[in-house]
Amino acid sequence: MIEVRSLTRRYGSVVAVDELTFDVAPGVVTAFLGRNGAGKSTTLRMLLGLDRPTGGTARVDGRAYADLPAPLHAVGALLDSSAPHPGRTGRDHLRWLAASNRIPSRRVADVLRLVDLSADAGRRVRGYSLGMRQRLGIAAALLGDPPVLLLDEPTNGLDPEGIRWLRGFLRDLAAEGRTVVVSSHLMGEVGLTADHLLVVGRGRLLADMPLAEFVAGQGGPRLRVRTPEPERLAGVLRATGAEVDLAGGALAVGGIAERRLGEVAARHGIPLLELRRDGARSLEDAFLALTAPVPTAAPREEVARP
Amino acid sequence: MTLTAALRAEWIKATSLWSTRVALAGYVLVVVAVSTGVAAAIGVEQARLDGAEYDPGVLAFYGLNFGHVAVIAFAVLLTASEYTHRTVHASLTAVPRRGVFLAAKVAVGAGLVLATAAVTAVVTLLATQAFMGEYAVGLATPGMLRATAAAALYPTLLAVVCMGVGLVLRDQTAALSLLVPLFFLVSPVLELVPGLQRAAVFLPDRAGQVALRLHDRPIDVFGPAVGLVVLAGWGAAALLGAWLLLRRRDA
């Protein structure tokens, strides 16, 4: 269980993290999404006691990270800003981490096997591919068998097969009742994995809701309408509060149901030649719209909540 | 999370890298080879020329002047290099209490240097004196046991100073380019500048080296024990600075 309350971090006049408040529940995969520079990594570093908050608190199991008696048993973290020493072997990297938290050394062999690095564990990290380093980082996060996992951009450097493996693996970890947080700047990478979304933009929380609700809320149906009087129809639909784009001879309409659109047209005596659903906007579109530098899809002052 | 667990982790870190092992092996090699080479080449001649001024401590441990470059490198590899290679985030998530992290790191680093330097000091003394003929001294010679102990303690305390500086600067290149010229060139040269001599002897390396000598020099303002205390004071100051910054700064 992770509790973040009014967490804020300023660098001079720049606000990297702005009054973030959220909880992360166990048993599901939570995607922590935002564009590069949105404040994801800073938030995770503050959760891990690496960066000092300007204000607010971040707690794991009710405690500040630095007060956890054996932190690797409580939280496993993969940080984008961290790397194993290139001159050390993968196994030695895990050995010192294990020793620091009194984790039995057989666990080192276990996690190496889990990420399929046993054969390369005796090699120096300098010779590892990006994907191997990432797998070593995941092994390090799992070392203490922690109930909470914080993975910052874990798919970086993984090949498609590795990404698929990771998705399944994260789902399994969540199914065991763990709290799993995966950050990403790419919606698609976690869209298939996550149950719950936390979306941040410019340090602020933009959305905190189940994935399904996010899709429904952001992508709502768009209607495609053809009529001999497009301008007039656009005018009357806009008057009802619908969003209308005139594209070619057709109209793309959002924010109004089919039935109501038909009724409005009939009342004004405008014939409809075609009325159909244009399909939901893709998750990626919804994400991009939500996190757009100049927000259009969601007012930034309000946090969307379930 | 206890100190002993953190000590074990730092021990594995310090001993699982080629670079740290090379630095310690380099220290042994340089100190023994330079000291012995100098003793063999000019030792007896120098002793005869110096007469009553001859200081067997200075000659026996002459190689320390070069060996401390290896000590600086070792100290920087344990500290600033963690930042340069970005492993420090892993270290501080594993051991989040900054005081425990610092204590474990410095204890392991100082312990390794002390063990290495102690063995090197004894080997160096035996090797150099083999070439000194009638001027040869041993641990039984008055003051020589103390000088040999200082040849182990001086590099150890110097390593502590450098580890503190490494954690303050947090950059391998910056730490090396400050510490190596300072202790290899600047500090020895300052000791030769007439107006600065009495101040220069308070610099960490100069103060520590006072304890290597059997005779006082005219410029000395304190004896061997105080010399090591002055050096230890520099070490304490560097560690205090490192601790305060570790607590305050983002990792």
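Heads up, residue numbers simply count up from 1 along the chain you see.
Glycine too: its Cβ is placed from the backbone N, Cα and C atoms.
Curation does not apply to TrEMBL; its annotations are automatic.
Here is what TrEMBL records for this protein:
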type	residues	note
TRANSMEM	B:21-44	transmembrane segment
TRANSMEM	B:59-80	transmembrane segment
TRANSMEM	B:100-127	transmembrane segment
TRANSMEM	B:147-169	transmembrane segment
TRANSMEM	B:176-196	transmembrane segment
TRANSMEM	B:221-246	transmembrane segment
Exercise for the section: State the non-local partners of the transmembrane segment (B:59-80) in its own chain: residues 6+ outside its ends, Cβ under 8 Å from one of its Cβ atoms. Expected result: 10, 13-14, 17, 19-20, 23-24, 26-27, 30-36, 38-39, 43, 46-47, 105, 108-109, 112-113, 117, 120-121, 124-125, 128-129, 132, 137, 147, 151, 154-155, 158-163, 166-167, 169-172, 174-176, 179-180, 183-184, 188, 205, 209, 212
Exercise for the section: Determine which recorded stretch among B:100-127, B:176-196, B:221-246 has the most C-beta pairs below 8 angstroms with the transmembrane segment (B:147-169). Expected result: B:221-246
Handout entry: Non-local residues, at least 6 beyond the ends, that sit with Cβ under 8 Å of the transmembrane segment (B:100-127)
Key = 1-3, 6-7, 9-11, 13-15, 24, 27-28, 31-32, 35-36, 39, 60-61, 63, 67, 71, 74-75, 78-79, 91-92, 138-139, 144, 148-149, 151-157, 159-160, 163-164, 167, 239, 242-243, 246
